[in-house]
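Chemist: What TrEMBL records for this protein is below:
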COMPBIAS  1-22  compositional bias 'Basic and acidic residues'
COMPBIAS  511-526  compositional bias 'Polar residues'
DOMAIN    25-413  domain 'Catalase core'
REGION    1-37  region 'Disordered'
REGION    505-529  region 'Disordered'
Amino acid sequence: MTTPDDKDRRLGRFRVDPDHGSRLTTDQGIPVDDTDNSLRVGERGPTLMEDFHFREKLTHFDHERIPERVVHARGTGAYGYFEVTDPLTEYTSAEFLRDTSLRTPVFVRFSTVAGSRGSADTVRDVRGFATKFYTRQGNFDLVGNNMPVFFIQDGIKFPDFVHAVKPEPHNEIPQASSAHDTLWDFVHLQPETTHMMMWLMSDRALPRSFRMMQGFGVHTFRLVDEEGAGTFVKFHWKPRLGTHSLVWDETQKIAGKDPDFNRRDLWEAIEAGQYPEWELGVQLVPEEREHAFDFDLLDATKIIPEEEVPVRPVGRLVLDRNPDNFFAETEQVAFHLGNVVPGIDFTNDPLLQARLFSYLDTQLIRLGGPNFTQLPVNRPVAEVRNHQRDGYHQSAIHTGRAAYHPNSLSGGCPAVVPEGAFTHYQERVDGNKIRKRSESFADHYSQATLFWNSMSDWEKEHIIAAFRFELGKVEHRHIRQGVVANLNNVDHYLAVSVAEGVGVEPPAQPATPNHGRSSPALSQANAPRDSVETRKIAILVADGVDTGDVQTIREALSAVGAIPEVLAARDGEAEGSEGPVEVTRALPTVGSVLYDAVVVPGGKESVTALEADGSAVQFVTEAFKHGKAIGAVGDGIRLLSSARLNGVNDRGEALTADQGVVLQSASGVTGEFIEQFVVAVAAHRHTNRDLAPVPA
Ligand code: HDD
């Protein structure tokens, strides 16, 4: 049986520990007695060429960097396992999707797309979600994104799209941002981008955590059963903690306060044993239904609405181990859409077909030759035997004389055997050689409208604001106007709202009437919001804080899996009413944007000190602005008054728990307060507040 340990054990052979008691040597194993002074002629003389230790050390250093990925350069990864829970035995011969006793080891890499390796995590972008399954039948790579559609329909457009979104070539500005002329120039001239641009302008582009985002295989793939019959399939990852996003103002501030926000979040959750988990789901479409939809299954700019073909949960992905070395594992991992195992096959989606070329090709330049499959993270757990030989960095020592097939000198081995071999799906294909897109790919707007119609009011507001922000950075007015013209095919109100924000002519009439259909599964407002697990909650304190309050809040929040942290102006300890209170972090080192919620315990002196501290006042104001849960007990309520937050909502009513503001005027935290506060945190964001006048 393949277990995660199999991959881990195999990796173990390559681990080099900095053993205690070990000696420093050169790469040739020669012990070194001084690595701080180069060999020179006299104390003040020139350095000698013969200093082999100096030359080797510098040469190795000079060659440490490899090219970053041309896209998805910024990323982070982890190991874990996959288990099938509802076997797909009748659809596929892939063992890891059939056998519930298997625990297939995996490596997952999450990424942003446009930014360089050192760019911030919380930019507006698509997130990559690439999974390498080390199955007993060989490696299967599911190289997906956190959005179910793509910008273009044919991979021949990929270099154009990427050149448009990357920093502009003359001045290399802007970094990790789509808010610039070349991207929107491309977009307004290429209407097939419209659906994906709706996703990119939505909150999906700002995930709260990699652990709280969906993943999608995007293309329609094919499952193939033991008799060779095929079924179309779309792959979905659904996070156990729900799908949640940050808000735009917050992401921009996090990019400065903690550019590693998402990377750190994943690392810390795994280190803390709070293992992230996703459910694998499949949408299955029998071949007879290939043409039953009003879009083409081979068009990667389209989803299959879940209401038309439900997502069937079939398995579970758990990430439970951080890599030992970022470069060796996360940087050198090489994904390839073409890595499939028997029972999974491709379709003629022209985007998918192009990817089959690009991934292998890119690894050759990025990892310096054809032997990157021998890097520890890339090695399958399945046995590898073939006649491939030589090349840069060959680490296998192939013995014997016969590196060809057929041979008699090695007894005909490795032999070609039909059992368990990959057999390509026998699709009949017949046609003329043409450069032409199918008419069935022509509708670029219906699903963009479907997405728009499915959004809640708050999500719609965010989409409009995002378009206004991005187009507001575009210098050429004809591009702004062109985008608005495109949007007028999606929804007239959207087009007019964007036009008004960016100072171009709003369209008088809708270009296409809104079809009025929606798909509730697309809205994050409908995602489960019942857990506070791993949510970071700030407890603001100063000297004089009610020790009992802090203790009760801490214990109660930890008990439900949240991560409470005590923040004060200075690190160390605060002098509480009944003894010292340990401070987790000093306020100047953090900010409300790094927390999911904030609570202010009682204590007259403490609250007076917090009121006089601008950063504490700003902390609660900003958390309020970003829709986060806020709790205050006893005197703590005064801090909300100072921040002018205990006023009225947009209906003229006092702020209440249903708006995520949980107040308890009596001192001494009660069970009821905790209960209400936990519900408010689980709701993730409170959208029914009057945010416009709040400065933050
Ligand atoms: Fe791609 C990397 C996902 C279209 C060419 N892609 C890459 C990664 C992800 C995706 C997650 C990072 C893998 C990692 O973590 O190492 N790409 C997608 C999705 C697409 C898509 C979901 C559309 C459905 N990609 C796409 C096209 C092409 C490429 C159409 C080219 C024709 N992608 C690449 C690449 C990369 C890559 C140049 C850069 C680094 C790498 O492959 O290993 O080959």
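Think of each number as a place in line: the chain as shown, counted from 1.
Placed from the backbone N, Cα and C atoms, the Cβ positions cover glycine too.
Walk me through where these features lie, including what they touch and how far apart they are.
Modeler: Same-chain residues lying 6+ beyond the ends of the compositional bias 'Basic and acidic residues' (1-22) with a Cβ under 8 Å from its Cβ atoms: 79-81, 101-105, 107, 134-136, 320-321, 324, 328, 376-377, 379, 381.
Long-range contacts of the compositional bias 'Polar residues' (511-526) within its own chain (CB-CB distance under 8 A, at least 6 residues past either end) are made by residues 203-204, 243-245, 303, 305-307, 445-446, 449-451, 453-456, 458-459, 485, 488-492.
Sorting each residue of the region 'Disordered' (1-37) by its DSSP state yields 9 helix, 2 strand, 26 coil.
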Chemist: On the DSSP side of things, how many residues of the region 'Disordered' (505-529) fall into helix, strand and coil, could you say?
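Modeler: So the counts come to 6 helix, 0 strand, 19 coil.
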